[in-house]
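Below: the structure, in structure tokens.
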Amino acid sequence: MAGRARSGLLLLLLGLLALQSSCLAFRSPLSVFKRFKETTRSFSNECLGTIGPVTPLDASDFALDIRMPGVTPKESDTYFCMSMRLPVDEEAFVIDFKPRASMDTVHHMLLFGCNMPSSTGSYWFCDEGTCTDKANILYAWARNAPPTRLPKGVGFRVGGETGSKYFVLQVHYGDISAFRDNHKDCSGVSVHLTRVPQPLIAGMYLMMSVDTVIPPGEKVVNADISCQYKMYPMHVFAYRVHTHHLGKVVSGYRVRNGQWTLIGRQNPQLPQAFYPVEHPVDVTFGDILAARCVFTGEGRTEATHIGGTSSDEMCNLYIMYYMEAKYALSFMTCTKNVAPDMFRTIPAEANIPIPVKPDMVMMHGHHKEAENKEKSALMQQPKQGEEEVLEQGDFYSLLSKLLGEREDVHVHKYNPTEKTESGSDLVAEIANVVQKKDLGRSDAREGAEHEEWGNAILVRDRIHRFHQLESTLRPAESRAFSFQQPGEGPWEPEPSGDFHVEEELDWPGVYLLPGQVSGVALDSKNNLVIFHRGDHVWDGNSFDSKFVYQQRGLGPIEEDTILVIDPNNAEILQSSGKNLFYLPHGLSIDTDGNYWVTDVALHQVFKLDPHSKEGPLLILGRSMQPGSDQNHFCQPTDVAVEPSTGAVFVSDGYCNSRIVQFSPSGKFVTQWGEESSGSSPRPGQFSVPHSLALVPHLDQLCVADRENGRIQCFKTDTKEFVREIKHASFGRNVFAISYIPGFLFAVNGKPYFGDQEPVQGFVMNFSSGEIIDVFKPVRKHFDMPHDIVASEDGTVYIGDAHTNTVWKFTLTEKMEHRSVKKAGIEVQEIKEAEAVVEPKVENKPTSSELQKMQEKQKLSTEPGSGVSVVLITTLLVIPVLVLLAIVMFIRWKKSRAFGDHDRKLESSSGRVLGRFRGKGSGGLNLGNFFASRKGYSRKGFDRVSTEGSDQEKDEDDGTESEEEYSAPLPKPAPSS
């Protein structure tokens, strides 16, 4: 009965709360404060049915709904703030955020943690400030931006003696047309908290310029920030950029041993949420953190300074990280530039704007006091408080004094009357921006030589319009560069002597002589699959001027066009594809073993089950009908299928110059690309996109842009252009590409008359783009190498459409690499290249030892190696037998020397071998013998020190956890 009474009382109290607060109005201890002016409320559907802000999840976890208490903005670009006290006094940890907002009504939201809000009202205009003491940004959400998720085991520390006591929510209402019905809005954030201590603590590292001056009319001004990191290791997982209207692009890097690794790069005019880094970046003692903001002073009549008003500018990069709990710091700052000369080598991407869709552009403004100022009016110098260079470690003081606790409180209005320039001017402008060579210079006067950029919003609109590319809100992946032009940068060093690919001269497959070989691929068993044209030939009579196939009367190819070949002896294991194709072209195989092929005569894409005779599983395009809409292709060239999502990408093709994406079921999703024009094609322009290669762990799709002689890579989810790889040695054509972890293989075409570049294969370090090897066949020669495929052991196959030949190439010296494993994901990379940051590997063999092991395995498993397994076994057994004889002789001599003539020689193999294993006290302990030698330990191989990464647990440490995270102690600071 007592329990029922308590339950009834609780329901009654909750009902009263719902009626009184109307919309999650949690009457915290702040309820005694004066309330914001408000009238009788009528609530939107979103506000109905809520019973309170605190929801228990289990004994230790609870959810906190932090929402606006039913507000109706009256003007566009209204910023409302509200606060909520942490419902517990003890220490807690924020482990997840869930936005509760509609894109139709809310432009963006920020959630701060502090000890005292700026206002005592239930909500207030944010121009009054956010907090009176300290403010730390915990979360940011923006329309069209990706969500921010905390990694498992990571949490923000709140409450207790040192954590924040209040949450302050800031909501920006952009376009208020959705409020024509005067409904109430309860947008906000649901915060998941736990009382369970987290092993990793999240924090914020703020990089901020405090002394940048932007001269009026200056075309390009760089604000550079750099600090040496001298703390315990931190691991970056998200970032956020912030400037006002003059900002073009903000980029952040970790610099280690002169190598620039991208943390994040974003357009500050995009919604300023936290964006996840493509791959976690670790920062350790001695690394340098560097950031650059690119501004323009065009349109200003006087110098622009760093400050808190809309007439001022800001250069902020927020880096969200986590650290091991016992070493964790909740905030760090950098406001200096300790290495200005270092920025001479900053990647060129740092000065190149990122295109955005017009509806994604951020609305900016700071402080209502600037709303009535004319944009061309004289700009006041910042106040003394704004100019003060504060202590580097005082993050909250920086926010309070420099930003006035009002960062991101915007009042700039979008001006629809701004006019664009002509299209021809724009084309030249974009081309110059992309092709300009001295983008990496930090000097503002040198940067002024760049092409004019104009208004940031208009430039991005134009780039979108001319490129026809899907814009992205996500940053480029962690890498050391974006793209270079021929002859620039460290692109073509001498090929490394440690890595060389040569033709396997005893492979008989070179004499198969099928028809024109158009495609090659490898199945799950590493069998070679060939797609060829039989007795059909693609020549000048095959198509008319409208790309309609003219030799339909020949009928389909009457022989099997798909051959499965044994990779060792080149025997045909299986064949199919009879009476189905006219002019085969591209071939790829998905993770389920299905074949994806294209036919340029049929203008179609086929999905085939190699073990079924029921016909194609899926057909895309219309037979013999070229076209450029969602249902037609025009001579499609290749297909790539994303392993995790099943997304289908088609390069289309000889006469469409686009990439088309379909769902796994064949439904059109999107397309991007356009025909290139002029001698300097822009990113996203193609002249025969001929071959595709997926880079799954980076979510990239690389395209062999054949007639432009280059390789372009794009994000598979956003279609953002990531990088271009182009070398003078490519010549005018790149026919085909293939990717294996860490490496990109390519083959070019025959040189034009007067050109010197030979037709050959290339091996490139995917991280840096540099060529590390070139190769050619010995038997026969390349004439039109049409497709290439590589296996993860470095075996390469190339098919030639003119010589009707397939070559097999292998590594003459095993590439030295390391195998890095984290959470079941293995990444192989060149030892000298820092491609993707991975945790430190322990109890792994060194790369040289691993190389020897792999070579032994290869010798014992490859029939074509010419080394007999019997011979190897004999060579291994003989030394063992000799050693056994020696030991037995020594034992016999020892027995005689001590007069033990009656002792029988131990003939038991168990006892003899036992002493070999070190189990007998007087025996020969080979384990101790080898353990005493340099480079060995009793625990096995010494750990490979994988620079800049976590440490993984020993295989036999007996713990149940998958990893053992141990942050190493920092090195002592230099005496100087």
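Each Cβ is built from the backbone N, Cα and C atoms, and glycine gets one as well.
Quick look at what Swiss-Prot lists:
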{"type": "BINDING", "residues": "HIS585, HIS690, HIS786", "note": "Zn(2+) binding site"}
{"type": "DISULFID", "residues": "CYS47-CYS186", "note": "disulfide bond"}
{"type": "DISULFID", "residues": "CYS81-CYS126", "note": "disulfide bond"}
{"type": "DISULFID", "residues": "CYS114-CYS131", "note": "disulfide bond"}
{"type": "DISULFID", "residues": "CYS227-CYS334", "note": "disulfide bond"}
{"type": "DISULFID", "residues": "CYS293-CYS315", "note": "disulfide bond"}
{"type": "DISULFID", "residues": "CYS634-CYS655", "note": "disulfide bond"}
{"type": "DISULFID", "residues": "CYS702-CYS713", "note": "disulfide bond"}
{"type": "MOD_RES", "residues": "THR946", "note": "phosphothreonine"}
{"type": "MOD_RES", "residues": "THR959", "note": "phosphothreonine"}
{"type": "REGION", "residues": "498-820", "note": "region 'Peptidyl-alpha-hydroxyglycine alpha-amidating lyase'"}
{"type": "REPEAT", "residues": "501-544", "note": "repeat 'NHL 1'"}
{"type": "REPEAT", "residues": "620-665", "note": "repeat 'NHL 3'"}
{"type": "REPEAT", "residues": "673-717", "note": "repeat 'NHL 4'"}
{"type": "TOPO_DOM", "residues": "36-866", "note": "topological domain 'Intragranular'"}
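Distribution of Swiss-Prot features across the structure.
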| residue | record | CB count, 10 Å |
| --- | --- | --- |
| CYS81 | disulfide bond | 26 |
| CYS126 | disulfide bond | 27 |
| CYS186 | disulfide bond | 24 |
| CYS227 | disulfide bond | 21 |
| CYS293 | disulfide bond | 30 |
| CYS315 | disulfide bond | 28 |
| HIS690 | Zn(2+) binding site | 26 |
| CYS702 | disulfide bond | 25 |
| CYS713 | disulfide bond | 28 |
| HIS786 | Zn(2+) binding site | 25 |
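Here the CA atom of CYS131 (disulfide bond) lies 10 Å from the CA atom of CYS81 (disulfide bond).
Between the disulfide-bonded residues CYS114, CYS634, CYS114 has the most other Cβ atoms inside 10 Å of its own Cβ, all protein chains included.
Each residue contributes its Cα atom, and for CYS702 (disulfide bond) and HIS690 (Zn(2+) binding site) those atoms are 11 Å apart.
Taking all protein chains in view, 23 other C-beta atoms sit within 10 angstroms of the C-beta of CYS334 (disulfide bond). A distance of 14 Å separates the Cα atom of CYS293 (disulfide bond) from that of CYS334 (disulfide bond).
Checking each of the disulfide-bonded residues (CYS315, CYS334, CYS655, CYS713) against HIS786 (Zn(2+) binding site), the C-alpha distance stays within 10 Å for none of them. Of CYS126, CYS131, CYS227, CYS655, HIS690, all annotated as recorded positions, the residue with the shortest Cα distance to CYS713 (disulfide bond) is HIS690.
For the pair CYS126 (disulfide bond) and CYS334 (disulfide bond), the Cα-Cα distance reads 26 Å. Local packing around the Cβ, expressed as the count of other Cβ atoms within 10 angstroms, is greatest for CYS131 among the disulfide-bonded residues CYS131, CYS655. Mapped onto three states, the DSSP output places CYS126 (disulfide bond) in helix. If you compare Cα positions, CYS131 (disulfide bond) sits closest to CYS334 out of the recorded positions CYS334, HIS585, HIS690. The average per-residue pLDDT of the prediction over the repeat 'NHL 3' (620-665) is 96, rounded to a whole number.
Nearest to CYS227 (disulfide bond) in space, judged by Cα atoms and limited to the recorded positions CYS114, CYS186, CYS315, HIS585, CYS634, is CYS315. Nearest by CA distance to HIS690 (Zn(2+) binding site), out of the disulfide-bonded residues CYS186, CYS315, CYS655, is CYS655. Other than HIS585, HIS690, HIS786, the residues of this chain whose Cβ falls within 8 Å of the Cβ centroid of the Zn(2+) site are, in sequence order, SER518, GLY519, GLY586, THR637, ASP638, SER691, PHE735, ALA736, ASP787, ALA801. Counting only the Cα atoms, the space from CYS114 (disulfide bond) to CYS186 (disulfide bond) is about 22 angstrom. Of all the recorded positions in the record (CYS315, CYS334, HIS585, CYS655), the one with the smallest CA separation from CYS186 (disulfide bond) is CYS315. Checked against CYS334 (disulfide bond), the recorded positions CYS315, HIS585, CYS634, CYS655 differ in C-alpha distance, with CYS315 being the nearest. Broken down by DSSP into helix, strand and coil, the repeat 'NHL 3' (620-665) contains 0 helix, 17 strand, 29 coil.
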